[in-house]
């Protein structure tokens, strides 16, 4: 085979932290690529900053560097490892941009590193808007009329040619960052300036608007012999104007005529050849004007993308794996198809089912943000479903979103027929403006008597889709007319199930319970069957067990053999509070079961993840995580147990229902999980063990809440029970705040009680992850938080080993952990959050909460210590003892590891960025060094907070941080920085002999801090808030800082750590080291 033997060592650059526009799909593609290249005998060096990935496991690559993704840091890795080649196309936009920077700064030439799959010229031709336009003109393909500009003056000239509305698109960004639609000249100027700021090359394209056109994507692969195949054609349900990452998408394309498809296919082949992507996958986006059929090319990603992951999962064709092998010289016809084992990769996949992807949003976390969907991506996750028909697939996707919908209406989310039923005017407004709820308003429009033609005129959604949704309403109306469950006959029930109606919807329509509908359905002999995802529409036998459910006659799942079977329930779509960290745990659970000779069965609905790769588990079910879908799988597979500990809140919410249906839950019991969540039971348990908790109470209504607040006192922490990610959690400092926040907490709690705790001000928060086998408990990691208590643990930076806790406090933490594990009879993972508060001269330990499940810190602990925490916990749950696994001592590394959170504020203009008890981060990074200060500096750099070496720093600390302001000010002056401050802080600093330039508050006129930001004349903002919210002066300053790309630190502890890091960076260079070498030094 003609694979390249002149290359021995290959560098892969990962995509960094999970952010909006770039999520787990790049962990999936990078992991596949590492496996594929090592399979071929190449040595793989990986650089990535995200510890929560399978890609950064020490077993995935030969040398793994968890380091910031800047060209300067990657150069140090290259100098140390001396790779022969760099594969830049599998790390998303981040990896591509770092590769381009390495090339532009002469690093690749200096060390003789060859870029494979796509070189810098090819990447620039695809990514730079003007070059791409010229390339399309050359091959006779139409593009939007547009002009590439680098200044606002040139943008205004372009607008005169293009006209309004106009689309602003920055070059070299992902997830549509900085892209927007301008409807008037005033907006245009600010949108262009923002676009220029966000483009790493300060370049934007001003182009004609094609809002309302139909949008399509083609996934294309090419090898070095110029063989090109189309993997998948994807159609956007939402028309142009909504970023494809925020659109509902369907595969295969449903509304293209054969002639249109062939024209688009021919164009795709021409594009990939003209741009010159030598090998691998590319994603090409098209728009079609529905009335004239005019087709234009929108853009091309010369790399594996979010859509590539979707196309891989939709077809079963492993795009990233094949792309990696093509990059080292293989041809498509030489590579076997893993699924059929008979066909080759040059066979274009054919599918006999319909796939629907739906985006998941988090606007509830950012109430001040504009929730309109535009050309800039805002969704934080997605779910994918597979069905035999569009209707079945569409309804399964809606229930896979986990937003309270169990299909297209007739469920707890449905407003129709309630007191909140929208009016005709509200419906028309929601249809004409794209938003996350628009799909539900299409239902209300039909229920209100609007026609498909009227809905099309308001939404531009293709009539074919609307006709199918109208048929779902007709089926629902038919069921309502029948009325009683017992009156529904077999044919009607089967027809409803084939159209994707859930038992929950039928229960709502017939006023019965879900379990009654399930019993009736089973009595009728109506069960789902499971079909294979096989790449070939059943033409060849499939050898990889990858299944979806549908209501037909013949099932394809294998009968149970001699092996034990265990089901792992995944986490569903990413959301803030439940993301890649839990998928990491699910993957390790599967690997551990396989090592023990137990058949692992993965159930998940997230197309971005490694857990839904067909070779992560023995059997994969791509299904929504609802009680109905999971019980159906358990009926078909007869597992010996189900793991609910690893997928976050989603599987925990199903645990009780599964247990009641007779499904065995392995590991910690459901009763223990409930005890830890039940405030009253847990409080009495804490008292029984002689441990401390902050004073707390529980309220089921507003009157009880007032009584509890009076007893507990302020500041008080208010939160609903049974939620993840601190949803609707707030700190209240007085009664008026309390009344406002408690009302919201009751809405979110949805019938569950609201919890009220005394908030411990100025306490240090500590996270502990441990494994217990029911007898012994071993601590895996003690993490000290850098931000004080009150910032959600998911948003706070934390450090292993702890940096300020005394040995007596650590001993007390260890003792409390063991007591709790024993009393709760934990089998598997456990996470405890402690707070240490100085009371007089003595530190006092409080227990904040206990979670007898995987926490989001498990991957970080595993990377910091080198211990495969989730793998060991799974083996304990499957019956091994810690002694049998030789796990007896807490691992304490010699190096310092700091986890830092990454926040999405740049996508939500105008939102105040102050951190609080509700989690808002989308991802995380890790900084590693022998020194705390350098590890912290690395974590900041990796998270995008570039600590400056010179320039101006705005310092504004609240009144209770006076002394800290003085010491920070002195340190910054000694480092050579110039200080800016408003009146109050300036007076304090000057009184202590610290030179400062005064700036006016926004309300006082000019020059104020926003003027400095606009002039690029401030490099860092250190601001601890005295007030919160985007409407305050401070809030506006913080939000403006984010939009201008200026780092903004809002807690005193982080500000002090940042100044320590800036001092250390003067004297100590950032060194890089692989995890494998670090772990060897710990032994």
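Positions of Cβ are set from backbone N, Cα and C atoms, glycine also.
Computed from a predicted structure; not experimentally measured.
Record note: Swiss-Prot gives 719, 758, 760, 765, 790, 791, 792, 793, 849 as ATP 2-binding, and the candidate from 693, 737, 833 in that site is 833. Comparing CA positions across the binding-site residues 719, 792, 833, 851, the one lying closest to residue 285 (ATP 1 binding site) turns out to be 792. Taking the Cα of residue 215 (ATP 1 binding site) as the reference point, the closest of the binding-site residues 719, 760, 790 is 719. Spatial neighbours are here defined as Cα atoms within 10 angstroms of one another, and by that definition residue 299 (Mg(2+) 1 binding site) has no neighbours among the binding-site residues 208, 790, 849. Secondary structure at residue 719 (ATP 2 binding site), taken from DSSP and collapsed to helix, strand or coil, is strand.
Pairwise Cα distances among 719, 758, 760, 765, 790, 791, 792, 793, 833, 849, which the record gives as the binders of ATP 2, peak at 18 Å. There are 19 other Cβ atoms within 10 Å of the Cβ belonging to residue 851 (Mn(2+) 4 binding site).
Model confidence over the domain 'ATP-grasp 1' (133-328) is summarised by a mean pLDDT of 92. Spatial neighbours are here defined as Cα atoms within 10 angstroms of one another, and by that definition the neighbours of residue 833 (ATP 2 binding site) among the binding-site residues 129, 208, 242, 849 are 849.
All protein chains shown were included, and the count of other CB atoms within 10 Å of the CB of residue 208 (ATP 1 binding site) stands at 17.
Considering only the binding-site residues 760, 790, 792, 849, 851, the residue whose Cα is spatially closest to the Cα of residue 129 (ATP 1 binding site) is 792.
Residue 242 (ATP 1 binding site) and residue 792 (ATP 2 binding site) are 32 Å apart (CA-CA, integer value). Note: the CA-CA distance between residue 849 (Mg(2+) 3 binding site) and residue 719 (ATP 2 binding site) rounds to 13 Å.
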